[in-house]
Amino acid sequence: MDYSYDEDLDELCPVCGDKVSGYHYGLLTCESCKGFFKRTVQNNKHYTCTESQSCKIDKTQRKRCPFCRFQKCLTVGMRLEAVRADRMRGGRNKFGPMYKRDRALKQQKKAQIRANGFKLETGPPMGVPPPPPPAPDYVLPPSLHGPEPKGLAAGPPAGPLGDFGAPALPMAVPGAHGPLAGYLYPAFPGRAIKSEYPEPYASPPQPGLPYGYPEPFSGGPNVPELILQLLQLEPDEDQVRARILGCLQEPTKSRPDQPAAFGLLCRMADQTFISIVDWARRCMVFKELEVADQMTLLQNCWSELLVFDHIYRQVQHGKEGSILLVTGQEVELTTVATQAGSLLHSLVLRAQELVLQLLALQLDRQEFVCLKFIILFSLDLKFLNNHILVKDAQEKANAALLDYTLCHYPHCGDKFQQLLLCLVEVRALSMQAKEYLYHKHLGNEMPRNNLLIEMLQAKQT
């Protein structure tokens, strides 16, 4: 079923930038992309891209590459399950509550606009992505000039999209064992975990836009209950820093040919991930799942959570010329450029571009905790046992973020979509980081007894 919207708000299709005609298959889109998405799903069409799977999709070029257009549809959040399989007109009416909530908030925003006597300014069309970034060239630690990986093999075709717009990784559901087992329950019976593969991304998010948001309102009744609960679950930064510093000071058996800085950074990431696992264990819904589902979710998103943790630390740091480590140490970008390999430098610069975009979006702590929760549950339901509980968490997280952004940032109606697009870039960054770490692992250059190695060993199965 298609829902109407208020034309006074003059929104643009997130796929191609054309004028939207209503709610179609999960979000506001134009008639052209609505029809294209419906035909593709109902006819089970399979497209190929003759270029690099990063074609520009806008109003004038949307028909040139159906592969990239369909990937863009999925990336921005159009729902496969909303298309009727019987080829009848209309979609499945399962997103009605979200449509109604969105429409009510837009009506409220329009009333505020009219009352205040100013016109809503919208950003440029989201269907016009920037040029694709250069080929991934990055190294993890400073002072490392070893051989750089060449010819990274691409994974299998993209899997179905998760419920938050970010592509869900195609992977088998493992049992209640593996590298995470010892962190989820006391026993540590096994090591084997199933494989997870990277997939191409339809398009990166847009560069930072100077929206000029007002400061968000303080907490209170206007903050969704889910976000308030997540704020209470956030770990204390000082305690995390002290624990990680203590672990880094413990002696370890490092490889004689391994640079000290590289080993420290790997241990730093390892301990940060342990903190993330501890956070996940305390999260509502997640702690109610069986261990197999918990491990499946974490194996899907562990690298994204690590990357997003680093990104938000830089957003808080707020300095373009340096990065802040979890230990509190500040590293100048000029130092990274001169002492790190070209691979690490490239990855750091790409991460900093996302930091600038989130600064322009004025990402706040409430949005950060909600996005982190979204990442945790961003796996397609078919890979999980408890569909009902996870689906409920997905829908509530989406609704909470939508409500919060529209209520606290009424001058930018597309902030919700822009934030979800940023998660696509987070996943792309995490895939590149994993590819590098895996090649370092194959080169026998990773530290021993490292949890990240256990996660990376999924590549070998």
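Placed from the backbone N, Cα and C atoms, the Cβ positions cover glycine too.
Your range for zinc finger, going by Swiss-Prot and the list 13-33, 307-327, 391-411, is 13-33. Between LYS94, LYS106, LYS119, the residue that has SUMO cross-link written against it in Swiss-Prot is LYS119. Among the ranges 49-73, 199-223, the stretch that Swiss-Prot annotates as zinc finger is 49-73. Of LYS45, LYS150, LYS194, the one with SUMO cross-link in Swiss-Prot is LYS194, while the others lack that note in the record, though it may still apply to them. Here LYS34 (N6-acetyllysine) is positioned 12 angstrom away from LYS72 (N6-acetyllysine), judged by their C-alpha atoms. The Cβ neighbour count for LYS38 (N6-acetyllysine), using a 10 Å radius and every protein chain shown, is 19. Across the zinc finger (13-33), the DSSP tally of helix, strand and coil residues reads 3 helix, 7 strand, 11 coil. When the zinc finger (49-73) is classified with DSSP, helix, strand and coil residues number 8 helix, 0 strand, 17 coil.
In the three-state DSSP scheme, LYS34 (N6-acetyllysine) falls into the helix class.
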